[in-house]
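Structure record follows, encoded as structure tokens.
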Amino acid sequence: VLEQFLQEGRISALMWEVCQQQAQAGSPELQEALLNKIVCLPDYVSNKLQGKNPPVFFPQNYFPLLGGAVIQVLQKISDSLRGGLDCSISFVSHVLGKVCVHGRQKEILNVLVPHLTDLTKSDCIWQRICWRLVECVPDRWMEAVVLGFVQRAPGADVLSRLLGNLVVKNKKAQFVVTQKMLLLQYGHTTAVLQNLLGYLSLDSLRRALLIKVLQELLETWGSGSAVKHSPPEQQQYISKAILICLSHLKEPEIESCRQELLTSMMEGVKCHLDSNLPQIRRLGMIVAESISSKINTDGPVLKFQVKVIMKFMSSLQVLEEVKALNQDIIASSNTYFSGNKESNKKSHAAAPVMSDEESDTELDSDDDLIPYDMSEDKELKIKAPVYIRDCIEVLTGSEDVDKWEATVKALESLVRKNPAATREVSVELAKILLHLEEKTCIEGFVELRQRAQVAVLTTDPIPVAKYLTSQFYSLNYSLRQRMDILDVLVLAAQELSYPKSHGKTKHSGAPKPCNQLLPGSDSSKDWRRIVDERIKSKTRRFATGQSQVELASGPNEFNSVAGHFFFPLLQHFDRPLTTFDLLGEDHFVLGRLVHTLAILMYLAVNTVAVSAMGKALLEFVWALRFHTDPYVRQGLLSCISSMLLSVPTERLLEDMTEELLETQSWLGDVVEKDPDGDCRRLALQNLLLMENLKKKL
């Protein structure tokens, strides 16, 4: 009977009767009971029938049918209003609100929104009916209804027709649109943002809210605390919202808040450029350029690297209006180049008809001088020094630029070929390379210098490592030099910990023909090889295996020096210097230091000092575990991973039992509460590593 009731469209007749009763003050208890039964009918039926539920009562079938019934009731209400009769729409609003709050917005609004979009195009009565439909939704259900309409409206103009000035009349709807969807949530698509902000911009009463929203977005965007503690996805979302707001602003509105925009831009750029995450810095550049181009229409505007910004904007797939804000730069450069091409064409076309006098003046121009034929010229090769001490003299005192360049290029191979000579002056050479600056525009200078530093460090590890680690915390070094020290330590440790020789491939394939002994080659030392080859030639093989790689092996040279690389870096991290404060504004270097310690810990596996290194590293991590910078926290979590992978299980449990339990509790908090996605992922990996340790036991 119920199935027939639904299929014959009686549910619309039921709702229409309730609407007529509401106009005549019907029983509220009956209306509440009917509301529950209509909205929850699929649940009631499925609970009674269990697995024998007819398809019409499936939610994916029932709620679209209910949406069609709502349209029929609204049509009757429209006819009634045109006939001059009173009726109430609040029961339909209650049905819509309760369905949406139960999570069925998609099913019912996919039916309602297209019909209402067509009906409200040119009919003002339908527009008023639609406005009343959403205005009569109770506040407790308003958020679900507004969110559903914003997500499913095909454009801002349609949303404006469907909702009217709801955000001006209803405080709950205003909170959802101007606060919750923009500042508290960040999972909505760019199309939803365009709908939302476009809706605010399409009416004079709502434009005041648009400006208010922009100010609050800029306040959040320019907050250092928000940049540190909110995830990159949320900052990207807020940045997109700001750019869309800017595209809707008119000149008088910009003029009224120009100073506020400028102040917000300066504060926000500083916060974003201070971040250690590249995507946050790029977001800051994009938004700052857009604000600058809006507020400085006549004067100079802020410019960053165009290629970086445009590449990032295309990866974000932001709206076309935002891209247009930066397209002017490219368009102007294209115009310039095309203008040059046109002028060149014109000059070539005009050349044959020039007068003699004009041609003489043209010949005087430097542009028309005939170049020398240098095809047979040979580049003079400067001979590089062949002794380490000669290299030191050239790098410190020589004015011959060519010789200096040849020395820089040859230094690495020279150091590796002469280890004994290098050890005599290793610290002096390390000092020179650390302070070496580029005299000429030599290709790959930074890499050449770094490779030479690594060669010196691997040749004489202990004294050079002591020197470099002591200089990391010394005065009068730039941040770049301190990070160079960390990079060199990591690369050298990697080289020392890996075997020197490469693996040899053994093929167990078909036997080769027997090698016959040549006269005079009957040396006694080759007898075993000869016998083995004869055995192979006589052996029948029915299957050939794959080639097996014999892994390279050799002593771990990092074993005896790991402590000299590692422990000095832990000593003074909490002591600020005049020009260097790791726990303060130099948090980017702190992040690099933490990641370096994680790598050194990982490379120290199977070394003697690994247990002591692990315990010291855990104490270091514990002191910094609540650091506000996500890059630093990522490094700390990497340190935990390295320690769990490198330190033997027995030593972990005997020497660090309490610390591991506390670390496990902290990792659980990170997984649940950390705003950065990478930190949550790393913490989860560490918890899994700890579980694996338990299973091994």
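Quick reminder: no glycine exception, Cβ is built from N, Cα and C everywhere.
Nobody curates TrEMBL annotations by hand; they come from automatic prediction.
These features come from TrEMBL:
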- 206-300: domain 'TELO2 ARM repeat' (DOMAIN)
- 339-367: region 'Disordered' (REGION)
- 355-367: compositional bias 'Acidic residues' (COMPBIAS)
- 385-493: domain 'Telomere length regulation protein conserved' (DOMAIN)
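Shown for the domain 'TELO2 ARM repeat' (206-300): DSSP residue counts in helix, strand and coil, namely 79 helix, 0 strand, 16 coil. On the 0 to 100 pLDDT scale, the domain 'TELO2 ARM repeat' (206-300) averages 87 in the predicted structure. Taking DSSP states H, G and I as helix and E and B as strand, the domain 'Telomere length regulation protein conserved' (385-493) has 85 helix, 0 strand, 24 coil.
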